[in-house]
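Read through the structure below, which is laid out as structure tokens, and then see the notes.
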């Protein structure tokens, strides 16, 4: 069965050649030009999402897609720099590609993200493991596994999808060090070339929790969650 992707790009001069080019690689791409159309589109295997849309910020679209569909997303943008990379990753993007890029590079990224997504889906469904409590309380931190909602001291803390996944892994064994490799393999289904991405997410998570002391770094090894009042 041919892979189905949604291309969200407001520039037809970019979108049309991409749709035609992806078809040559056996990838069926449906093109929409706005964030609203993307959120209303039928389910697909993967979304290619331009960051600069005319109606809704691409990061907000990414966040909503992750919240409602749990679909892998590759961000496409002409804006460069670390700040834009962080914004895309915080929005829940699985990968990030700066324009201009080659069709072969895009196809390689699509296939890699699809493989990681499928592997992660299998890993998230363990067999024969005792169920954890739906609500976990660690000091002043409360994590609801059913709703994926987090609060600190009674104040809600909105997290991007992968920020939540990282926190949930650390919270599964409070006080224990979780290896960097394990975090990468569980959250991104690979440990290759994702070290910087992990550090970005940990930094963002610390900031949102309100106190960097919540997450302790064991340099070169991993991280552990520390219970604060």
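Cβ coordinates are placed from backbone N, Cα and C, and glycine is handled just like the others.
Here the DNA-binding region (133-227) is broken down by DSSP into helix, strand and coil counts: 37 helix, 24 strand, 34 coil. Look at TrEMBL and you will find 133-227 tagged as DNA-binding region.
Sequence annotations record features per position, and here TrEMBL assigns domain 'Response regulatory' to 4-114. Note on the domain 'Response regulatory' (4-114): DSSP counts are 51 helix, 25 strand, 35 coil.
The feature domain 'OmpR/PhoB-type' is assigned by TrEMBL to 133-227.
The 4-aspartylphosphate annotation in TrEMBL covers 50. For residue 50 (4-aspartylphosphate), applying a Cβ distance below 8 Å and a minimum sequence separation of six or more within one chain yields 8, 9, 10, 11, 58, 75, 76, 77.
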